[in-house]
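K.L.:
This is the structure I want to talk about, given as structure tokens.
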Amino acid sequence: MASGYGDASQKIDYVFKVVLIGDSAVGKTQILARFARNEFSLDSKATIGVEFQTRTLVIQHKSVKAQIWDTAGQERYRAVTSAYYRGAVGAMLVYDITKRQTFDHIPRWLEELRAHADRNIVIMLTGNKTDLEDQRAVPTEDAKEFAQKEGLFFLETSAMEATKLEDAFLTVLTEIFNIVNKKNLAADENQSNSNPASLTGKKILVPGPGQVIPGKKACCSS
């Protein structure tokens, strides 16, 4: 698997929509800027409404466009909820490791996500701002325990230092890719079984490490 910032002229095999959710000021906008453009600004202003950026990567020799959506964490912007989650196949559930309240609000964000998104959405619990370790208010073990209980992936990151951010997104995108391909493989097998003359050897796709998600759903178009 390789990653990059993409070539606008290259053929796109898949488009995966991933949403960033969590309280205001946990670093969602910085996470988006770091992943999409490899940029970081301490002067980043609070998001108004919704915005998204894209980045194209190569996963298992296929070109995948990641469409990353960022939304305001403030309650007054929650009217965008349904449209924001529509079509999302991945989510980064972000809290600030230096602000306990942002972690305590994660169950509410997760409940909202599960109420509006596809039931098989791939979710990464993301503890941001590890560059402020001396101000930590959320023990890593608390987040690990919550992620395990809820069946989520989990990583701690720093948008400022670009620590583990790539890993977090690639884990989510690769898991989505595997789910989509396993669904496609099953569809191919069903088609072959209905037409004995077309039976051929099938390539078995072995999923990468991480959560095995029941019920696969193809969600994106090339």
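Any Cβ shown, glycine's included, is placed from N, Cα and C.
Per Swiss-Prot, the feature GTP binding site maps to 22-29, 70-74, 128-131; the stated evidence is similarity to another entry. According to Swiss-Prot, the S-geranylgeranyl cysteine annotation covers Cys219, Cys220. Per Swiss-Prot, the feature motif 'Effector region' maps to 44-52.
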K.L.:
What does DSSP call Lys28 (GTP binding site) in the simple three-state scheme?
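P.N.:
Assignment for Lys28 (GTP binding site) reads helix.
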K.L.:
What is the total of other Cβ atoms whose distance to the Cβ of Thr71 (GTP binding site) is within 10 Å?
P.N.:
24
K.L.:
I'd like to know which of these binding-site residues, Gly22, Ala25, is least surrounded, judged by other CB atoms within 10 A.
P.N.:
Ala25
K.L.:
Quiz question: given the binding-site residues Lys28, Thr130, which has the greatest number of C-beta atoms lying within 10 angstroms of its own C-beta?
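P.N.:
Of the binding-site residues Lys28, Thr130, the most buried by Cβ count within 10 Å is Lys28.
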